Structures are given as structure tokens and as C-alpha cells.
């Protein structure tokens, strides 16, 4: 028996194990999946697992409820009517059988048809947006959206909720640790707080045109008699007005221009690399903001403005260069966000930006961190040129309610999220990434609300 045991020990291969913080699993991983005792292999996502003493953070999949499927399928469980459906620490169903999930407080939400006056849900108004508020904002055009989606396939990052990690601060620390320095010059360095706008340099005729535009009802593009047009007041139409195709007053009709062309949505298009940036699309507190051309997806130059400190979740990021912080946004996005933030402020809700336009250089940094696992926590990053942050239409906002892992987000206690859910689409912002309640994209006023929001 003794010699048989020795022989068995010799024939059985010794299984190697990995140490603390080392990888122990993930899609494509071919190394050992055993950890040194007493460590355990904890799953971060489908691409990476690590040997740890405990699950490191709540944004790791190991911290999710046992009912969560590792294939990331939606949890189809629903809460019965009048039962709890959310709240801080709640791990049960967040979708209701028939009624909406109404937040009473940060700690409790309930499936019920009404919202009692003293509940949190009653504090967030469903804003009535006036024509003046929508003036100058790009209007949602489904045809333009389809064209954009067909241009290039977009991917999403796998970063944690911005309220949990300051990516700018983390990047500075890790670059310092590895002796790397951000050498990119800030194109906004030395720029005045405000620049003279092109509108001020225009002549009397252009001023008259702008006054006519103020009388234009901003709405979705219209079609009448097989021709494309825009919804305008009859007094402002320079072509043929056709009734019955536009919302609102009777005088708001589909205006078919004399020379028919596809109606402009007013958005700022990418400029050729190295060309003078376009200052069109600015409005509100960004009307005179300095504009610079910065390279984004497709190596195209995008006309961007620096995000105001009062609009940043981390005001200290304002002074950083765009390659070290996503602290800029395109002129059209800035115009819409400024109006949206102003409307939310009237209701006592402060919407802040944690991440805006992202340069190709910074997306490359995040991609290198993901592939090397040396920085940014090894988080999944979109390949350079595929994130919508590189188009200037994506903003990460201060919803502060964690990732979405079920059919509905657990954001009943977030005043920012609840306001955005009710009013964001009116100003052109909608969710596009299922797992990220903080990720909102500007697609144009009147865009549809995401089904999973």
C-alpha cells in the first residue's frame, strides 16, 4: 500500500497555482485556474478573473447576487404589484408585473400605479419644454442615426460607475508610477474664457436670418406630398407650407423649401484634421466658448469646447489636457447639455459630467491598460475608434446608482437618473449601453427613450 501511494503521487501531475492578484481565468486565458491557498479565484467579467482574498469591489461580477447569470442574460424575475422593487442594498427584482417602480426614498421603491405626494418620485417633475428652450438644439433624425450606425461599429467600455473611480486621478497616479508623463499640449492653454462669436461679426442680413430662425418651431423633420421639409411657423416659411404634418399650433406646418433638399439637423460635423474648427452650434453659456479641433474616431477633427468647471463632476479636471481627461464636448452636444442642465437646476437637480469627448490618444491608453492589465484595473476598453465618446456624442453623468445587471436599473434613489429618465430625451439625450445607467448619448431633441432605461 505504501509503494502504491508513492507511485500514484509520481504519476499524478502537480497542478501549478497562481498568487495574489494574478489572473486565474477569463475568455482566452490558458494558464492555471488554481490559486495559492487560501486565495480564491474571483470573476471580474467574462474576460478576466483574479486570485484575491475576497471579492474586490461591487462592480465585479463576483459581487452580484447569486441569481445573476454569468452569461449576462437579463433577469426576467418581476416583483408583484405593491411589493418592493428597489432601494439601496436591494437584491430582489427591480421590474414590476404591471405598475411602475416608484421610489419612496433612497432605501425603498415599490410597485404601485401612483406616486404619493411625499415620495421621492413626486419631487422629480416631468418638465414642459418650450420652443425657446429647444431653439438651436439639433433635432433627432432617424435617417441620420442609421447612417451614423452604419459608418462604424461601436463598442462600449467596461468601466465602473464614475462615482466609484476618478479615471483622471487614477491615470495620473499610474502614469507617474510607470514614469510616464502626459506630453500632449492642451490646445485650450492660454485661451480666454470667451471668444468673440462669429455671429457678432455677421452683417445686418445675417442678423435678420437669425431672427427668422427664432420664430421657427424646432421639431422633427417632416414629409408632405412626397417631399422633405421642416416644421416651421407659416410666417417663417420661405417655401410652401402644408398643414397636418407637424405638432402644435395650426400655424406650425411642414415647410417645403423651393429647392428641395434634406433638412439640416443643425449638428456639428467633424472637420478635416488640421482645418479651422467650426464655431457653429454654440449656444447658452457656451455661446462664446473657445473652440478647438481635436482628433477623435476615424482620425477626424471634431470641433469641441472645454466643459465648464461648474458642469464637471471633478472640477479639478478642467485644467488637464484632453489626452489626460475627457473634459471637452462637441459644440452641438454642449449646446443641448447646457439647456438640459439649466432646466434640471430649476428643479433642484445638479447634472454633472464625469466624461465627455475622448481623444484617440486617450482611448488608446485605456485599450493598452485593458490588454496589458497594468493600469485602469484591467477594465474592458473599447478599441480605439469604436467608442461613441470618440464621436463627441457620449457623456458619462453623475447618476451614481451603479451598474445595471437586470431588466431595470436600480436607480430609484438617484434624483439625477430620475430626472434624466423623465426629461433627457426632450433635450436629445438617451441611454445606449445596457449596463451603464450613467452613459447618455446626444442624438437630437425628440429621440426615443431606451427600452431598458
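Keep in mind that glycine also has a Cβ here, set from the backbone N, Cα and C atoms.
Note that TrEMBL annotation is computational and uncurated.
It should be emphasised that the depicted structure is a prediction, and the values quoted were computed from it without experimental measurement.
Sequence annotations record features per position, and here TrEMBL assigns signal peptide to 1-17.
Helix, strand and coil content of the domain 'CBM1' (16-52), in residues and according to DSSP, is 0 helix, 16 strand, 21 coil. Under the heading domain 'CBM1', TrEMBL lists 16-52 (among others).
Within its own chain, the domain 'CBM1' (77-112) is flanked in space by residues 65, 67, 119-121, 406-413, 418, which lie at least six positions past its ends and keep a Cβ under 8 Å from the stretch. Taken from TrEMBL, the feature domain 'CBM1' covers 77-112 (among others).
Look at TrEMBL and you will find 126-166 (among others) tagged as region 'Disordered'.
According to TrEMBL, the feature compositional bias 'Acidic residues' maps to 126-158 (among others).
Annotation source TrEMBL lists region 'Disordered' at 180-212 (among others).
Per TrEMBL, the feature compositional bias 'Acidic residues' maps to 181-206 (among others).
Summarising the annotation, TrEMBL assigns region 'Disordered' to 260-283 (among others).
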Could you give me three numbers for the domain 'CBM1' (77-112), the DSSP helix, strand and coil residue counts? 0 helix, 13 strand, 23 coil
When pLDDT is averaged across the domain 'CBM1' (16-52), the result is 87
